[in-house]
Amino acid sequence: MSKSLKKKSHWTSKVHESVIGRNPEGQLGFELKGGAENGQFPYLGEVKPGKVAYESGSKLVSEELLLEVNETPVAGLTIRDVLAVIKHCKDPLRLKCVKQGGIVDKDLRHYLNLRFQKGSVDHELQQIIRDNLYLRTVPCTTRPHKEGEVPGVDYIFITVEEFMELEKSGALLESGTYEDNYYGTPKPPAEPAPLLNVTDQILPGATPSAEGKRKRNKSVTNMEKASIEPPEEEEEERPVVNGNGVVITPESSEHEDKSAGASGETPSQPYPAPVYSQPEELKDQMDDTKPTKPEENEDSDPLPDNWEMAYTEKGEVYFIDHNTKTTSWLDPRLAKKAKPPEECKENELPYGWEKIDDPIYGTYYVDHINRRTQFENPVLEAKRKLQQHNMPHTELGAKPLQAPGFREKPLFTRDASQLKGTFLSTTLKKSNMGFGFTIIGGDEPDEFLQVKSVIPDGPAAQDGKMETGDVIVYINEVCVLGHTHADVVKLFQSVPIGQSVNLVLCRGYPLPFDPEDPANSMVPPLAIMERPPPVMVNGRHNYETYLEYISRTSQSVPDITDRPPHSLHSMPADGQLDGTYPPPVHDDNVSMASSGATQAELMTLTIVKGAQGFGFTIADSPTGQRVKQILDIQGCPGLCEGDLIVEINQQNVQNLSHTEVVDILKDCPVGSETSLIIHRGGFFSPWKTPKPMMDRWENQGSPQTSLSAPAVPQNLPFPPALHRSSFPDSTEAFDPRKPDPYELYEKSRAIYESRQQVPPRTSFRMDSSGPDYKELDVHLRRMESGFGFRILGGDEPGQPILIGAVIAMGSADRDGRLHPGDELVYVDGIPVAGKTHRYVIDLMHHAARNGQVNLTVRRKVLCGGEPCPENGRSPGSVSTHHSSPRSDYATYSNSNHAAPSSNASPPEGFASHSLQTSDVVIHRKENEGFGFVIISSLNRPESGATITVPHKIGRIIDGSPADRCAKLKVGDRILAVNGQSIINMPHADIVKLIKDAGLSVTLRIIPQEELNSPTSAPSSEKQSPMAQQHSPLAQQSPLAQPSPATPNSPVAQPAPPQPLQLQGHENSYRSEVKARQDVKPDIRQPPFTDYRQPPLDYRQPPGGDYSQPPPLDYRQHSPDTRQYPLSDYRQPQDFDYFTVDMEKGAKGFGFSIRGGREYKMDLYVLRLAEDGPAIRNGRMRVGDQIIEINGESTRDMTHARAIELIKSGGRRVRLLLKRGTGQVPEYGMVPSSLSMCMKSDKHGSPYFYLLGHPKDTTNPTPGVLPLPPPQACRK
């Protein structure tokens, strides 16, 4: 990347010279504009046609910057002085000009505030501009003047308030700080003061160092000559922004010396104009100007090994780490000198922080290391916390067994009249900083939302009423007692800047724990690493596959009885006063289901300490040091809040004090791996503990009545704890650092089904380390066309990532090792098994920027002479894309299903019906798919002829080859593909058969008309939902299907015992034939972040609502999981298309939608209202994609049109949905015109409905924020 940046031409290559003379009228024929008095370069105004007397060179162009007149630099001069230089010069005039663009435009302030390497052309030009400025202006400073200095000559001495006024008014061209004082360079006046009238001294050849020109700090220089020994004096006397000293701007971390020698004197050698074509010559000329002491300048320190410093097109410095092939804005040399925030001065920022002045959001701060933003100055925040830490605590009389820093939880109530304390009301107006306070709480259903801190100078601080600990009772007459943290955040976010909100607060409740208590020490957050270290589970690093992880960890959980006696002295957690203990609460605990609720787990984690620490905080507890808060989720893989720390680097710390554990963690070297053994679950329950698992599974249709029920096999791969995120009272649902429950269920179900006692279709083992697989590493270099292969799969969580077509003559094709159908396991060492397609594409984009990629793929080998089944496909998963005429599976054969036959006869099941069959041939082009969707209903008993013809056409894509041939209809049953019977063939094999067909496929079908009888099933688009009986035991995997030689069809086989009956949707598979584009990543981007345009991931302002508390920076607060029915996640998932018919209830259809063409996204189900028709129907889920509404396709449909269609259907609505992942995609940027309304359920938990633009709104609902007019909450 750095090479490509260096090849970009510098602006100096566009500098051109024009040689002109005066015309017969004695004029030059062009107008001069700009000038330093206007904060601009001098530039050409109107160039009068025919009035310029050219002698040689290029022609003058209006708006170009004027750099030199007869080799005299004029940048930084006023227009008056530039004209004086021109007037003094004799004909011909040699003018050097350059076109505006890139880093050079007419704005002097912008150019002076950029950072350049010493000796570069830009650095020299900055010097010239500054020296020219000081001919006409005197720098200002807030420091007291020293003996011998003349006010108005050496400096203009002003107060801080006056300096801030100058800065705010735009009167300063440069500003910065040095030694706690502000320095600035004011714009020069258009007409010079008599003291500085040196027009006659600006002659060709004169330089800023020549005799007669005003020198900066002449009196200071003369005084220092006798005492230049002390480096402190030398450092102190070096000016800051006057051209001879140090400039530290908010964008600069370098101490740049501005052509001053060690003595502080201005060098006496001539100061030439920059040589624009040969910048390297200037490096020799600047040797004498470098400081004599390396520690005075970071530039003199060598970069670490294999690091490189480079410049963007705008001249900004960034650093390249060739070891990891990453880039960073942060100077690695400064990391060694980094100070903690509390030790920084108030006018400096800690290492890795940046101050942003945004015209919309105001001033905020960016932490580049932890990738977060906040409004409060980090130095002031750290000092404030330190001051509060040092204050004497008077509330230490806690209960004997209470952990230090944690207070007794107050009695919660949803009734405002039962609150004990003083009520007060206030009205706050939202500013660019938000409301100016942070909140805490709402992580559990019965927890108050309280004010955590009031941001200085924010609206709340200026109002003066709000205090830390105040309970938020009402927001605009809406009672929020019992609302979740995320819900209240959304309420505040919905308030536009400039509008006010009415708050009712209750004072008298302390915070649930003291966040400033010294016992809750913070181990600072970890610097973001490109590849987080793998979790060590039960003493082992990364497992080869998820299957291996499940199978191994399910048998290796230690029993609590193995712990030493002294570690068992633990009191029951809150809500567990009866002495019972909850089960482990983290997804990483994959203990056997029969192990009971008192199982505990020891885990070994490996965490790398970053420049800012580990990224978690610890707090004292009766049993030892516990993890109080995870500040950096990525940096602490596998760690969970409430974990008890047992060992650190093989040193037992259970009996050590809080301070001793903190010291051990501090002593761990930065960048090294630290091994932690933590204890989770069992008697060592954290202070915030969910309800017992059995309580949560009651009345939810649980597949078992007890956690230790003998009916559940011991090799059940998914313990109930894995489904924690769907529990109504869970506080950590959809936590990004934990596996997605939907994904876990899919994989677990596949394992469960594969272990049933049914003859397997093949004999390969589930452990991927067996001989039926081989893994190989493939290293590819990127060509102009990309890496030369396509990626398939990953369209739903849990689907394998597969190599699709290998492009002819591409990088992968030339390498020869990559085959279609290979399962992708690692990309540059990062595991991708079970990841989404988008995630893998992002990794490939990143690899493309580096120009190379290391892939690890897994390939099935022949098993005992028989072809292996399709590569890497988990049972029950569906290949949803045909992307290429080339085969996706190179080693597969269909011979184990049915013998190929060119004349496949109808099966026995429908011969008596005398149904007419026909062959349909579909041809497609190279760049398109066949355009039809197949529904397979192998597991659903049907009547009549369809009992033995389970596959049918479910959908035909408009304009596709299937549509153009006009011979296929929705509902047609498919007997054979290319002459091969598919009646008993699993769905995934049919998909592969069609993929291998090339550019044409022949389908033998029974037309839908032949099936239109009372005994036949309706077409897929007109079926109403059917109640089915499903369970993991009842639903057979394709692995368990009998071979076609079996006389009976799969549906005729007796089903295993069914301990559970769940209402679900059709158990069918569907696959759509369409194209997948090749991966062609863009490598033209420079570093990952752009100072001018902060990316959305972490550089956005902290939020337009109010200043978010640190917990929001680090912890992903979960949505209210009560709206996600538990049964949804236990039903067999098929990621299918399906139809939902609903009757309108008293309050509407009971669902809300997100998306639309105006938001550049598809339409999705956003919320399901409790007890509404949608949730009672049981088929619709949050995150489902809406394909059709009342028969109309939603492709390119606006949000408003979708609302209109739903309303126009009257009392009924029919939706064609595609099963989603349970999570709704976010908007790229939520438009401010979205309207919101809120409805509280009986628990007080609000449901938000994003319904579209205000033009669709109806009358406002009482009790709702009076912001944009709210839409009706009914569909």
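From the backbone N, Cα and C atoms, a Cβ is placed for every residue, glycine too.
The annotation compositional bias 'Basic and acidic residues' is assigned in Swiss-Prot to 280-295 (among others).
Residues annotated as compositional bias 'Polar residues' in Swiss-Prot: 699-708 (among others).
According to Swiss-Prot, the feature compositional bias 'Polar residues' maps to 1010-1040 (among others).
The compositional bias 'Basic and acidic residues' annotation in Swiss-Prot covers 1067-1083 (among others).
Under DSSP, residues within the domain 'WW 1' (301-334) fall into helix, strand and coil as 3 helix, 13 strand, 18 coil. The domain 'WW 1' annotation in Swiss-Prot covers 301-334.
Broken down by DSSP into helix, strand and coil, the domain 'WW 2' (347-380) contains 3 helix, 15 strand, 16 coil. Feature annotation from Swiss-Prot assigns domain 'WW 2' to 347-380.
The domain 'PDZ 5' feature in Swiss-Prot is assigned to 919-1009. The DSSP breakdown of the domain 'PDZ 5' (919-1009), given as helix, strand and coil counts, is 21 helix, 30 strand, 40 coil.
For TYR361 (phosphotyrosine), the count of additional Cβ atoms within 10 Å of its Cβ stands at 20 [all protein chains shown]. Marked as phosphotyrosine by Swiss-Prot: TYR361 (among others).
For TYR826 (among others), the entry in Swiss-Prot reads phosphotyrosine, with the evidence type a large-scale study or a structure entry. Within 10 Å of the C-beta atom of TYR826 (phosphotyrosine) sit 18 other C-beta atoms, taking all shown protein chains into account. Under the three-state DSSP scheme, TYR826 (phosphotyrosine) falls in the strand class.
The region 'Disordered' annotation in Swiss-Prot covers 203-305 (among others).
Model confidence over the region 'Interaction with DDN' (301-380) stands at 81, taken as the mean pLDDT rounded to a whole number. If you look up Swiss-Prot, you'll see 301-380 marked as region 'Interaction with DDN', on the strength of similarity to another entry.
Annotated region 'Disordered' per Swiss-Prot: 698-740 (among others), in sequence order.
Look at Swiss-Prot and you will find 868-912 (among others) tagged as region 'Disordered'.
The annotation region 'Disordered' is assigned in Swiss-Prot to 1010-1128 (among others).
Distance between Cα atoms for TYR361 (phosphotyrosine) and TYR826 (phosphotyrosine): 41 Å, as a whole number.
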